[in-house]
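Enquirer: What follows is a structure written as structure tokens; I'll ask about it next.
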């Protein structure tokens, strides 16, 4: 525990030192406190940043990179290996995890390298526009995935029958391909522009950063603000529809009036509702109000609650993304609009900090899934123990299934023997001919509700 506390304290000191060095605030009282923290016991300084020396405290960011890569690999494994996560929404989340993992593999290390060399690009110059293009590609892919998830869930809840005709694994892959195609279309012009004119991707001929005001404005709106607006609107519409469906159920509406509910639970509830409606009433004196309540499908409310829980998890993901990336894009727009009226050095330093806050968002999503979803949490725990075997199937029990070889008479009153291979012959009534019934074995799970739960969103 002492070692852990020391490590955390050392990491915080490293990060504070990086911010102090980045913003050059050594004169302020806060910086004085930090300076004392960085002083060693013998009066020497723990970290110094003279000209030409790398910013070694920035290496603490390696922890963020490792967490980003490892967490998103766990998400990809969970969606690939857990059958309960095989639905359209989780396919989108797996594709989002791929984009976030590539941020940790290809974008964040080079950004860390730039920090170590005081934002002087140390690699071949032709790699600068390629790196910027990858940064824009994966950032755009993240917001586009969240926008597509929001749209897909709203359509599924608002028009379930129409959505079911186009909801399959192949269709989900096609939608994901469209998301990536849009992201590639936004990022491809950057290397073309940068290779033709290096001034578009270099500031002061040393710092690798996108330096085309027109592209910054257009790209920010196309890749962030427009998808963000669509995402927020559709998310609140989804919450509105779910609340309306809940109120309809609480007021006693039948399932015929709930045609807008999600198809995930529409299939499993309609059959049950029909059986209850056609079944004879054992108590003729039962009040109509009570009969109407029994007619209501029992699983519908639970399914709506599951949809609400899934929407809450996605809402947290949306909110985290909004909080993490809005400062960068707003500052990016302001730096272009205000031009020389703004303090450009301050803007550059703010952008350098805000872009890393956005990068951290790529590593937070797996934590959100772990905290709010039992399936992801159980899967992550298994994989961290190097247990990659699928879960065992639930135990089964045998129940008799009646297969009629001949039917006659209006009503059937057949007593089924427990033994499986017996032939049971009973008469429907005294005036009707005999009816031969055959009893067969049928295996079902002990808990049939598991079959229903697999059709419900597992986000």
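A Cβ is built for glycine as well, from the same backbone N, Cα and C atoms used for every other residue.
For reference, Swiss-Prot lists these features for the protein:
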TOPO_DOM  33-56  topological domain 'Extracellular'
TRANSMEM  57-81  transmembrane segment
TOPO_DOM  82-87  topological domain 'Cytoplasmic'
TRANSMEM  88-112  transmembrane segment
TOPO_DOM  113-129  topological domain 'Extracellular'
TRANSMEM  130-152  transmembrane segment
BINDING   140, 210  ergotamine binding site
TOPO_DOM  153-168  topological domain 'Cytoplasmic'
TRANSMEM  169-190  transmembrane segment
TOPO_DOM  191-214  topological domain 'Extracellular'
TRANSMEM  215-237  transmembrane segment
TOPO_DOM  238-312  topological domain 'Cytoplasmic'
TRANSMEM  313-337  transmembrane segment
TOPO_DOM  338-348  topological domain 'Extracellular'
TRANSMEM  349-371  transmembrane segment
TOPO_DOM  372-459  topological domain 'Cytoplasmic'
Enquirer: What number of additional C-beta atoms lies within 10 angstroms of the C-beta atom of residue 210 (ergotamine binding site)?
Expert: 22
Enquirer: Compute the average pLDDT of the predicted model within the topological domain 'Extracellular' (33-56).
Expert: 43
Enquirer: If I restrict to non-local contacts, at least six residues apart, and a C-beta distance under 8 angstroms, what lies near residue 140 (ergotamine binding site) in its own chain?
Expert: 182, 183, 186, 187, 223, 224
Enquirer: Against the transmembrane segment (57-81), which of these stretches has the most C-beta pairs under 8 Å: 130-152, 169-190, 215-237, 349-371?
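Expert: Going through each listed stretch, the top one turns out to be 349-371.
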Enquirer: Using DSSP and three states only, what is residue 210 (ergotamine binding site)?
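Expert: DSSP assigns residue 210 (ergotamine binding site) to coil.
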Enquirer: Residues sitting near the transmembrane segment (130-152): Cβ under 8 Å, six or more positions beyond its termini, same chain?
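Expert: Hits for the transmembrane segment (130-152): 88-89, 92-93, 95-96, 99-100, 102-103, 106-107, 110-111, 175-176, 178-180, 182-184, 186-188, 190-191, 194, 201, 208-210, 219, 223-224, 227-228, 230-231, 234-235, 238, 314, 317-318, 321, 325, 358, 361-362.
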Enquirer: For the transmembrane segment (88-112), find every same-chain residue at least 6 residues outside the stretch whose CB is under 8 Å from a CB in it, and list them.
Expert: 58-59, 61-62, 64-66, 68-69, 72-73, 75-76, 79-80, 123, 131, 134-135, 138-139, 141-142, 145-146, 148-149, 152-153, 156, 167, 169, 171-173, 175-176, 179-180, 310, 314, 355-356, 359, 362-363, 365-366, 369, 457-459
Enquirer: For the topological domain 'Extracellular' (338-348), give me same-chain residues lying six or more residues beyond its boundaries with a C-beta closer than 8 angstroms to one of its C-beta atoms, as numbers and ranges.
Expert: 203, 207, 209, 331
Enquirer: Using DSSP, how many residues in the topological domain 'Cytoplasmic' (82-87) fall into helix, strand and coil?
Expert: 3 helix, 0 strand, 3 coil
Enquirer: What residues elsewhere in the chain lie close to the topological domain 'Extracellular' (191-214), defined as a C-beta under 8 angstroms and at least 6 residues from its ends?
Expert: 114, 119-121, 125-126, 128-133, 136, 336, 348, 351
Enquirer: Give residue numbers and ranges for long-range contacts of the topological domain 'Extracellular' (113-129): same chain, 6 or more residues beyond its ends, CB-CB under 8 A.
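Expert: The answer is 18, 54-56, 58-59, 61, 190-191, 193-195, 198, 200-202, 206-208, 352.
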Enquirer: Helix, strand, coil: count each for the residues of the topological domain 'Extracellular' (338-348), based on DSSP.
Expert: 9 helix, 0 strand, 2 coil
